[in-house]
Amino acid sequence: MIMLRIPTRSYCSPSKLIKGVGLSPLKKSLLSKKIKEDIHPSLPVRTRFAPSPTGFLHLGSLRTALYNYLLARNTNGQFLLRLEDTDQKRLIEGAEENIYEILKWCNINYDETPIKQSERKLIYDKYVKILLSSGKAYRCFCSKERLNDLRHSAMELKPPSMASYDRCCAHLGEEEIKSKLAQGIPFTVRFKSPERYPTFTDLLHGQINLQPQVNFNDKRYDDLILVKSDKLPTYHLANVVDDHLMGITHVIRGEEWLPSTPKHIALYNAFGWACPKFIHIPLLTTVGDKKLSKRKGDMSISDLKRQGVLPEALINFCALFGWSPPRDLASKKHECFSMEELETIFNLNGLTKGNAKVDDKKLWFFNKHFLQKRILNPSTLRELVDDIMPSLESIYNTSTISREKVAKILLNCGGSLSRINDFHDEFYYFFEKPKYNDNDAVTKFLSKNESRHIAHLLKKLGQFQEGTDAQEVESMVETMYYENGFSRKVTYQAMRFALAGCHPGAKIAAMIDILGIKESNKRLSEGLQFLQREKK
């Protein structure tokens with residue numbers, strides 16, 4: 001076990017705990033003690049997801065919710081939801097509703113009625129009184145100006161002290177306190193922190209000992225505030241009280257919360273409560289190993305949803321941010337897992353310590369996989385058609401579109417789609433006549449030395465009989481290019497250009513089957529006319 005003093009004004013991010021060494025990446029972390037034993041619980045657990053509605057859900061928050069959910073489901077335990085909304089000034093309109101909406105959309109279902117911390121002030125007051133009466137907390141009447149001076153002077157010390165308070169108010173007598181209360185002087189409630197914060201065990205990282213840097217010639221104290229001057233609890237107090245009262249056994253949260261953990265454990269000890277097990281999961285980073293942010297790839301889940309990301313793809317994507325499935329299953333399933341499969345195979349022993357790199361190429365790989373599964377399922381295929389129809393109806397005459405046609409396109413050609421939002425861009429030619437204005441396709445079409453043969457080919461092929469099926473079309477096309485000595489590539493490129501006006505496109509047989517014989521013959525004829533005009 002290694003003890004580190006934390007050289008920041010408040011607890012810094014784990015990646016900056018000491019110069020050149022941090023918790024991230026943790027492959028060779030100084031704070032790690034390899035745990036060989038099985039860390040996965042054998043009994044049912046109670047976990048929670050505790051977001052603050054100060055913004056909309058992002059990838060990091062969704063991963064935290066998912067891991068807590070999967071651990072609960074895997075052990076036949078319970079997964080709870082708590083809204084940490086005590087910081088009223090930072091609340092964002094619509095953020096609370098967004099949390100409910102995204103969890104439901106992702107099929108992350110909580111087991112009990114959600115708890116809102118803003119509705120539990122009386123509960124927190126009760127436990128603050130317990131700490132005050134036992135001398136483990138005290139009222140602080142210091143002004144903002146005095147506190148700012150203390151922080152400034154602490155930083156001027158050599159070495160500087162990251163703990164800044166001098167416990168002036170901890171020594172006030174009862175009469176002084178009563179007098180200040182009677183005068184209506186604003187106050188906070190501070191926790192009387194221990195001389196040293198307790199060492200704790202993180203199930204992923206092992207034993208950790210984090211202490212604030214202090215100057216022993218000018219003693220200051222890291223007495224965190226439990227109740228703000230507006231009488232609302234701080235995150236630290238509400239977090240500990242709620243986790244205890246909710247019976248939470250395991251807390252999975254981001255690595256950035258590691259520096260807060262000694263404070264929380266000290267509070268548990270002050271109340272005489274048992275602590276939950278802690279698991280701090282690695283940071284999400286870009287492919288270049290930069291911390292993910294709104295400017296660097298951490299889009300809200302709502303944005304991803306609008307872009308056409310499917311919930312099952314997003315869940316699969318997030319599950320692999322810091323967790324590895326059993327090797328035998330990963331090789332068989334190519335890392336594609338349904339929620340039901342994840343609930344079965346999720347295990348804390350699969351958690352990894354290194355930063356999790358977010359590569360959106362992987363997301364679209366998963367999205368394509370799950371989109372194909374939806375297309376092949378009659379029930380979800382109907383839902384996809386429902387999603388597509390409104391946009392088509394806003395563009396085209398109803399005579400050119402139908403639910404049956406859209407379903408047929410998806411079944412025959414949807415294998416090329418990575419997201420349903422691309423349906424129109426990929427398959428517009430099924431709903432409108434070719435414009436023959438795709439420069440790349442036109443160049444390829446007209447630059448062929450076989451233009452005379454192509455003209456002959458289109459003329460012959462533009463005579464399909466009604467009732468000809470896809471297999472017969474394939475056979476006729478093959479016969480045509482074999483008998484006339486054309487190359488297969490040139491034949492199909494010419495037909496695709498005439499039918500769709502683009503290159504590449506769907507398979508020829510599928511295009512003719514969807515367009516119908518009459519429309520296909522018409523387009524082949526128009527393609528021939530275009531060729532003849534352009535070659536004059």
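Keep in mind that glycine also has a Cβ here, set from the backbone N, Cα and C atoms.
Counting only same-chain residues six or more apart in sequence, the Cβ atoms lying under 8 angstroms from the Cβ of L237 (L-glutamate binding site) belong to Y124, Y127, V128, F191, L226, V227, L267. Annotation comment: Swiss-Prot describes R48, F49, A50, E84, Y235, H236, L237, A238, N239, R253 as L-glutamate binding site.
Residues annotated as motif ''HIGH' region' in Swiss-Prot: 53-61. Within its own chain, the motif ''HIGH' region' (53-61) has Cβ neighbours under 8 Å at 83, 85, 87, 90-92, 94-96, 98-99, 102, 254, 284, 292, 294, 298-302, 318, 321, 358, counting only residues six or more beyond its boundaries.
Here Swiss-Prot flags H58, E256, K291, L292, S293, K294, R295 as ATP binding site. Taken residue by residue with DSSP, H58 (ATP binding site) is part of a strand.
Under the heading motif ''KMSKS' region', Swiss-Prot lists 291-295.
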Local backbone state of L237 (L-glutamate binding site), from DSSP in three classes: helix
Binding-site residues (R48, H58, K291), the one with most neighbouring Cβ atoms at 10 Å: R48
Rounded Cα-Cα span from K291 (ATP binding site) to R48 (L-glutamate binding site), Å: 25
Which listed residue (A50, L292) has most other Cβ within 10 Å, given these are binding-site residues: A50
Secondary structure at R48 (L-glutamate binding site), reduced by DSSP to three states: strand
Rounded inter-Cα distance in Å - L292 (ATP binding site), A50 (L-glutamate binding site): 20
Length of the line joining the Cα atoms of Y235 (L-glutamate binding site) and K291 (ATP binding site), in Å: 24
